[in-house]
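Here the structure is laid out as structure tokens; the discussion comes afterwards.
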Amino acid sequence: SGSCTSQVCWNAMPKLRQISEALLKSHIQAYHMMYSKRSLKLRPLQERNRNPSKTDIVYLTPDYCEPNKRHGSLGTHGRRCNKTSTGVNGCRLMCCGRGYQTMLRHVTESCHCRF
């Protein structure tokens with residue numbers, strides 16, 4: 001007597017929740033890279049225990065400190081900054097580590113006061 005057995009195999013996608021959690025984890029652990037003009041290679045902006053693998057997410061941010069006509073950036077050299085601000089207009093961020101000069105101006109204005 002002959003018996004026949006059949007085997008069916010298929011691949012199934014993981015649940016959407018599993019996919020989204022994996023993507024979120026990859027996004028959070030993404031490597032912020034910087035292009036080194038000296039070595040002509042990408043290197044991580046922050047030191048880590050290992051270099052990114054082929055499956056890790058990496059990203060670049062343009063250097064807004066230096067002028068780049070191709071990308072429409074005028075750079076930050078010569079612009080005024082706010083010494084007390086921690087935002088994008090603050091000297092710490094805008095001056096890109098180049099330092100800055102403090103300028104003190106004395107302005108006399110008429111306040112139209114009446115006594």
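Positions of Cβ are set from backbone N, Cα and C atoms, glycine also.
What Swiss-Prot says about this one:
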{"type": "DISULFID", "residues": "Cys81-Cys96", "note": "disulfide bond"}
{"type": "CARBOHYD", "residues": "Asn82", "note": "N-linked glycosylation site"}
{"type": "LIPID", "residues": "Ser1", "note": "O-palmitoleoyl serine"}
Sort Cys81 (disulfide bond) into helix, strand or coil using the DSSP assignment.
coil
Cβ distance under 8 Å to the residue listed as 'N-linked glycosylation site', same chain, sequence separation 6 or more: which residues?
Asn89, Gly90, Cys91
Residues near Cys96 (disulfide bond) in space but at least six apart in sequence (CB under 8 A):
Cys65, Thr76
Same chain, 6+ residues apart, C-beta under 8 Å of the C-beta of Cys81 (disulfide bond), given in sequence order:
Asn89, Gly90, Cys91, Met94, Cys95, Tyr100
